[in-house]
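Chemist: Take a look at the following structure, please.
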């Protein structure tokens, strides 16, 4: 029994405990940083095939990058709650002690769970958010990612799966114009590209296997009295089917995606193509993405006994544009890991890229091999933090590149694929090889 003398102390302690619980902040994030050298001299170089949308990342990252996430459950009553989430990202070239940069405010959203009585388990949200992103870690490639400012309702239980609805936005500088004066159009504004996303996930279709289906529609949302650049892509669709299978203490994901017009450029669900690209003082040129994209992707991570883990990826992507400036991209790679102890391992990554230009018919190819000795917090290929020392060798042979010489009003090939020796020039990276070595840390928490 609490006496009256002890009651104020008990109340104070209880209030302090409740206050501490109420003020608890979740701290999550990701970071990587290190130092590297190039065999022929100078700082570490990184290797990516011209025309490829990503690169094999182990021992092949030349920047310091960090995402710092702070979040808190700010209200809870029974099973109903509100959660506030933020994310600030930084990237610098890791060349000096003091490297100033402007942070990117990538997330600021509120998620409300179980707020709709007749939709138990669902979440409504609004704000900037990383929204249900799908990626291949070993090549840092996001193949389904509509992140940005938006709003939505997710995880609606429909009996055989979970339904999610969302709308997000990505803007392009100079994407539309207004009539100014003297027959001049002003391209300094931005075009708002809206994306509307519908997903049906967690459909159990076989033992250990689930299916997710999605449809994304993107369109340019013009202001009144504005017009799109001639030839710009106004809208497009992305259709996605992904099967996830539990296998060998890991997973395998098989993905098929088909996109049209404005959804083909990045091919991940963000609408692009209503914009105008600028190159310093050069004139503007429009981005015409009309056409289609087909992507077939298989990737995963598995455990092969007590001492071996492995990541792998294989992908074919065909972007076929009406302006013949598309590409066909094949990539295949593996990252086996041998565990000497629960905290020390040797990791090797072997990756190959081949990119064919639709316009020239020429091909760029590269293979890259990295060997790394690593110390990590656990015995999984996903264990982090990790500190690794590495050596990387890359060899490439590029027969084409993009022409950015002059300006778009003088050079009819500006921004287009051309042969490596076009007009006596030198486009692409030629035929060469290089090796690098260094040390890196990587962490997520």
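One-based numbering along the chain as shown.
Cβ atoms are placed via backbone N, Cα and C, with glycine included.
Residues or ranges marked as signal peptide in Swiss-Prot: 1-24. Annotation source Swiss-Prot lists site 'Greasy slide, important in sugar transport' at 30, 65, 98, 251, 382, 444, citing sequence analysis. What Swiss-Prot lists as site 'Important in sugar transport' is 142, and the listing cites sequence analysis.
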Chemist: Looking only at Cβ atoms, how many others are within 10 Å of the one on residue 251 (site 'Greasy slide, important in sugar transport')?
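Modeler: For residue 251 (site 'Greasy slide, important in sugar transport'), the 10 Å Cβ neighbour count is 15.
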Chemist: Here's one to test understanding: among the recorded sites 30, 65, 142, 251, 382, whose C-alpha is closest in space to the C-alpha of residue 98 (site 'Greasy slide, important in sugar transport')?
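Modeler: Minimum Cα distance from residue 98 (site 'Greasy slide, important in sugar transport') across 30, 65, 142, 251, 382 lands on 65.
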Chemist: Using a 10 Å cut-off on Cβ-Cβ distances across all protein chains shown, tell me which of the recorded sites (65, 98, 142, 382) has the largest neighbour count.
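Modeler: Highest number of other Cβ atoms within 10 Å: 142.
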Chemist: Tally every other Cβ atom lying within 10 Å of the Cβ atom of residue 30 (site 'Greasy slide, important in sugar transport').
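Modeler: Residue 30 (site 'Greasy slide, important in sugar transport'): 16 neighbouring Cβ atoms within 10 Å.
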Chemist: Quick check: of the recorded sites listed here (30, 251, 382), which one has the Cα closest to that of residue 65 (site 'Greasy slide, important in sugar transport')?
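Modeler: That would be 30, the closest of 30, 251, 382 to residue 65 (site 'Greasy slide, important in sugar transport').
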Chemist: Cα within 10 Å of residue 444 (site 'Greasy slide, important in sugar transport'): which of the recorded sites 30, 142, 251 qualify?
Modeler: 30
Chemist: Just the number: how many Å between the Cα atoms of residue 142 (site 'Important in sugar transport') and residue 382 (site 'Greasy slide, important in sugar transport')?
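Modeler: Given the Cα positions, residue 142 (site 'Important in sugar transport') is 18 Å from residue 382 (site 'Greasy slide, important in sugar transport').
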Chemist: Measuring Cα to Cα, how many Å separate residue 382 (site 'Greasy slide, important in sugar transport') from residue 30 (site 'Greasy slide, important in sugar transport')?
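Modeler: On Cα coordinates alone, these residues lie 13 Å apart.
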Chemist: Measuring Cα to Cα, tell me the gap between residue 251 (site 'Greasy slide, important in sugar transport') and residue 30 (site 'Greasy slide, important in sugar transport') in whole angstrom.
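Modeler: So the alpha carbons of residue 251 (site 'Greasy slide, important in sugar transport') and residue 30 (site 'Greasy slide, important in sugar transport') sit roughly 22 Å from each other.
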